[in-house]
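**Q** Handing you this structure, nothing more for now.
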Amino acid sequence: MELFTKILFLCLALALTNGAPAAPQDAAVDDGDALAALPDRCAGIEFDAIAPDEEGDTFFFKGGHLWKGYHGAAQLSNESFKELDDIHHIGHVDAAFRMHNKDNPDDHDHIYFFLDDKVFSYYNHTLEDGYPKEIQEDFPGVPTHLDAAVECPKGECKGDSVLFFKGQDVHFYDIATKTVKTKTWSHLPACTSALRWLENYYCFHGHNFTKFNPLSGEVTGAYPKDARNYFMTCPNFGHGGDYKGRKCSDVKLDAITSDDGGKSYLFAGPIYMRLDSHRDGFHAFPIVRNWKEVARGVDAIFSYTDKIYFIKDDQVYIYKEGAHYTLIEGYPKTLKEELGIEGRVDAAFVCPNEHTVHIIQGSRIRDVDLTATPRVVTLDLPLPLSDIDAALCGAEGINLFKGSEYYSYESTKILSTGRIALNPQKITSAMMGCQD
Ligand SMILES: *[C@@H]1O[C@H](CO)[C@@H](O)[C@H](O)[C@H]1NC(C)=O
Ligand SMILES: *[C@@H]1O[C@H](CO)[C@@H](O)[C@H](O)[C@H]1NC(C)=O
Ligand SMILES: *[C@@H]1O[C@H](CO)[C@@H](O)[C@H](O)[C@H]1NC(C)=O
């Protein structure tokens with residue numbers, strides 16, 4: 001069941017980002033002195049390299065050690081990437097990135113490491129045949145002794161590319177043409193590591209990071225920020241939308257939706273979370289980041305024909321989908337004007353390939369034909385439930401979320417003709433990283 005899997009991923013991620021520290025056996029060190037010498041990423045260190053692997057686990061490197069994911073203890077890098085440094089014994093990685101090159105399945109999703117003048121290519125934590133190579137052999141024109149590297153797929157950059165950082169210089173490497181263009185971004189701090197995460201680009205420097213535009217280097221917003229507030233779990237440091245300590249019995253969603261592009265979003269208070277991107281880990285963001293007009297929170301959301309409809313009080317806000325969500329001109333409009341309904345909306349959903357929005361208000365479910373002008377309620381039925389918070393329809397059916405529980409129905413027909421509510425299933429700590 002797809003939604004359940006998504007929620008489970010979310011929950012695992014929340015558990016990862018907010019849960020208890022990993023058991024020390026993860027460190028794979030058996031003598032006490034070595035254990036004592038493990039670096040602590042909450043002490044404000046500067047990372048040498050950061051990159052996700054093909055599974056979406058993000059690795060943070062410092063000296064001969066690495067951290068896997070957003071919490072847990074350090075371990076020796078050569079435990080995860082055995083051959084790294086076998087030859088050089090320099091004890092650190094200069095730069096790393098995850099290759100994005102779908103045209104070449106033999107390279108796509110490989111994690112590349114740069115050490116002095118050598119490059120290593122790993123997949124499934126296995127060093128590819130022929131590696132390490134000279135950087136020049138694989139990436140002609142790219143300098144040795146790099147500071148940072150990050151992949152930039154077509155669409156975000158002109159073609160599938162890699163950005164290599166050395167000092168204030170950025171070398172744009174075009175994967176298809178194997179050509180390099182160099183720019184100097186003197187306004188950006190010298191990056192010691194760089195990461196692409198959820199289509200955003202981050203330059204890490206000291207214990208801080210700065211988000212930048214991969215084409216122009218432009219920085220918008222209040223940067224630098226302290227990495228310990230965002231990319232790891234540290235005592236006394238904050239975390240995006242802080243769910244830490246939240247009791248499972250207190251979980252309450254406001255809205256949930258999946259857009260046509262396959263992105264899924266969950267909203268709760270002033271934060272949202274992407275559910276579809278488990279390869280990049282999960283994280284809560286302030287809504288204001290994408291949709292500033294509804295920053296305080298929403299009542300209901302649904303997606304229809306490349307647009308996301310947000311309902312807050314008696315207003316409807318429609319945003320275009322895509323990397324830069326823009327509010328469509330003329331919005332917000334009233335519920336009455338846009339959908340032909342009035343009163344508070346609890347939840348709303350559109351099933352795939354359908355043109356009807358199902359709007360839940362109290363213990364009624366009202367259908368509105370989205371192809372009609374003006375829009376009017378075409379069906380108004382009692383619901384065997386009330387006080388629903390959020391609803392989602394996917395290929396596998398409908399889920400209605402109510403507080404810390406959810407109900408699953410196979411179809412809208414079963415939902416609206418069902419006289420008795422099904423047994424709810426409980427959101428657990430394993431699902432949402434909350435405290436049981
Ligand atoms: C990993 O590196 C450490 C110290 O650099 C070394 O003692 C150890 O033997 C290495 N382990 C492997 C599996 O190569
Ligand atoms: C990944 O590597 C492990 C051994 O390290 C192997 O058992 C497994 O089959 C590999 N998986 C794939 C998909 O190649
Ligand atoms: C980190 O950023 C803060 C401002 O947010 C700044 O005061 C501090 O000097 C920076 N530290 C480093 C090591 O870059």
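We count from 1, first residue shown onward.
From the backbone N, Cα and C atoms, a Cβ is placed for every residue, glycine too.
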**Q** For Cys351, what is the disulfide-bonded cysteine listed in TrEMBL, choosing from Cys393, Cys434?
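**A** Recorded disulfide partner of Cys351 in TrEMBL: Cys393.
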**Q** Which one is it, Cys191, Cys234, that TrEMBL ties to Cys203 with a disulfide?
**A** Cys191
**Q** From the candidates Cys42, Cys152, Cys157, select the one that TrEMBL records as forming a disulfide bond with Cys234.
**A** Cys42
**Q** Using DSSP, break the repeat 'Hemopexin' (90-142) down into helix, strand and coil residues and give each count.
**A** 4 helix, 19 strand, 30 coil
**Q** By a 10 A CB contact count over all chains shown, which of the disulfide-bonded residues listed here is most packed: Cys152, Cys191?
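**A** Max Cβ neighbours within 10 Å, all protein chains included: Cys191.
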**Q** Name the secondary structure element type, per DSSP in three states, that contains Cys393 (disulfide bond).
**A** strand
**Q** List the same-chain residues at least 6 positions away in sequence whose Cβ sits under 8 Å from the Cβ of Cys351 (disulfide bond), in sequence order, or say none.
**A** His358, Cys393, Gly394, Ile398, Thr412
